[in-house]
Amino acid sequence: MSVQLMPPFNLTSSTPATFILAGIPGMEKSHIWISIPFCSMYLAALLGNGALLFVVSTEQSLHQPMYLLLSMLAVTDLMLSTTTVPKMLALFWFSAGEISFGACLTQVFFLHFASSAESMILMAMAFDRFVAICYPLRYAAVLTQSAIAKTGLVILLRSFCIIFPCVFLLKRLPFCGHNVIPHTYCEHMGIARLACADISVNIVYGLAMPVAAAVLDVVLIAVSYILILQALFRLPSRTARCKAFNTCVSHVCVIFLFYIPVFFTVLTHRFGQEIPHHVHILLANLYILFPPLLNPIVYGVRMRQIKEKFMKVFLCSSVHFLQG
């Protein structure tokens with residue numbers, strides 16, 4: 001009489017012991033080659049955001065609202081990429097696609113949490129520019145370090161309140177043995193589609209709440225910049241207009257870098273059924289890599305203070321290294 005081994009999960013139960021990340025369907029043979037640019041972009045994002053945080057933290061003159069918000073953005077970018085990319089590279093290099101149910105839910109939470117937080121940080125940065133240009137004399141009184149700290153707390157609370165229900169909605173689903181995720185990382189709808197139950201609530205909440213929050217942020221950002229443009233046109237001198245406009249260019253670039261991939265990914269995911277699945281996966285991966293990679297570059301190139309302080313810190317570090 002043979003002994004039948006128990007499966008790794010109960011087919012009538014709710015939770016598989018592990019999920020299997022399948023990578024990019026149809027491109028398995030290219031995983032190694034795809035990993036090269038992905039790894040390069042991730043390392044560049046770590047270096048750029050790490051350098052930005054180091055410069056802002058070590059330079060007292062940069063402890064101002066705009067740079068503190070920029071530091072929040074850098075931390076969020078690091079969370080967004082580090083939540084997913086290391087596991088993705090392990091999958092590409094070592095075929096290590098197995099991930100526990102708890103780790104998968106953790107990845108879902110921090111991925112969507114970082115995305116929601118980044119959206120609200122961009123809104124806060126738009127408000128910073130609005131006050132600086134439209135009410136310059138009140139800037140120091142309105143945007144104090146205490147106000148920035150409270151803004152950071154609100155960002156954390158809102159992002160948590162939006163994303164935590166997604167984790168709860170996933171935990172209640174039965175999976176009936178389905179545990180292969182055709183993706184490079186765990187995300188809410190990718191897991192929900194494996195369930196052998198009605199996922200209408202997951203679909204409605206997963207689309208409605210994050211998109212509604214992002215649309216609200218975009219509307220408030222747009223209102224801020226309409227008011228900023230009106231204020232710019234009222235400035236008497238062309239030099240003053242150009243100077244004020246240049247302070248906004250970097251932020252506008254970062255807004256487009258974040259929101260265009262977000263909305264494009266959502267729209268193609270929901271309505272682009274004819275688009276091959278591997279294209280969806282590649283777009284989703286670029287979404288978590290491009291903003292963290294390009295944000296420090298945009299701010300480093302466009303903002304004179306960041307460039308000057310970075311060169312100062314870099315030169316001082318080099319001198320200390322050579323003297324030591």
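Note: Cβ is positioned from N, Cα and C throughout, glycine not excepted.
No curator has checked TrEMBL annotations; they are predicted automatically.
Annotated features, as they stand in TrEMBL:
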type     : residues : note
TRANSMEM : 32-55    : transmembrane segment
DOMAIN   : 48-299   : domain 'G-protein coupled receptors family 1 profile'
TRANSMEM : 91-114   : transmembrane segment
TRANSMEM : 121-141  : transmembrane segment
TRANSMEM : 147-170  : transmembrane segment
TRANSMEM : 214-233  : transmembrane segment
TRANSMEM : 245-267  : transmembrane segment
TRANSMEM : 279-301  : transmembrane segment
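If one looks beyond the transmembrane segment (279-301) by at least 6 residues along the same chain, the residues whose Cβ comes under 8 Å of a Cβ in the stretch are 24-25, 38, 41-42, 44-45, 48-49, 51-52, 70, 73-74, 77-78, 80-81, 83-85, 88, 111, 118, 182-185, 187, 250, 253-254, 257-258, 261-262, 264-265, 268-269, 272, 307, 310. Ranked by the number of CB pairs under 8 Å to the transmembrane segment (245-267), the listed stretches 32-55, 121-141, 147-170, 214-233 are led by 121-141. Two recorded stretches are said to be in contact when at least 3 C-beta pairs lie under 8 angstroms, sequence spacing 6 or more; the transmembrane segment (91-114) and the transmembrane segment (32-55) meet this definition. Residues 24, 62, 70-71, 74-75, 77-78, 81-82, 85, 88-89, 92-93, 285, 289-290, 292-293, 295-297, 299-300, 306, 309-310, 313 of the same chain lie 6 or more positions beyond the ends of the transmembrane segment (32-55) yet place their CB under 8 Å from a CB of it. Beyond the transmembrane segment (121-141), the same-chain residues lying 6 or more positions past its ends with a Cβ under 8 Å from any Cβ of the stretch are 65-66, 69-70, 72-73, 76, 151, 155, 217, 220-221, 224-225, 227-228, 231-232, 244, 247-248, 251, 254-255, 258-259.
Regional average pLDDT for the domain 'G-protein coupled receptors family 1 profile' (48-299) in the model is 90. For the transmembrane segment (147-170), the residues of the chain that approach it from at least six positions outside its boundaries are 65, 68-69, 72, 105, 108-109, 112-114, 116-117, 120-121, 124, 188, 191-192, 201-202, 205-206, 209-210, 213, judged by C-beta separation under 8 angstroms.
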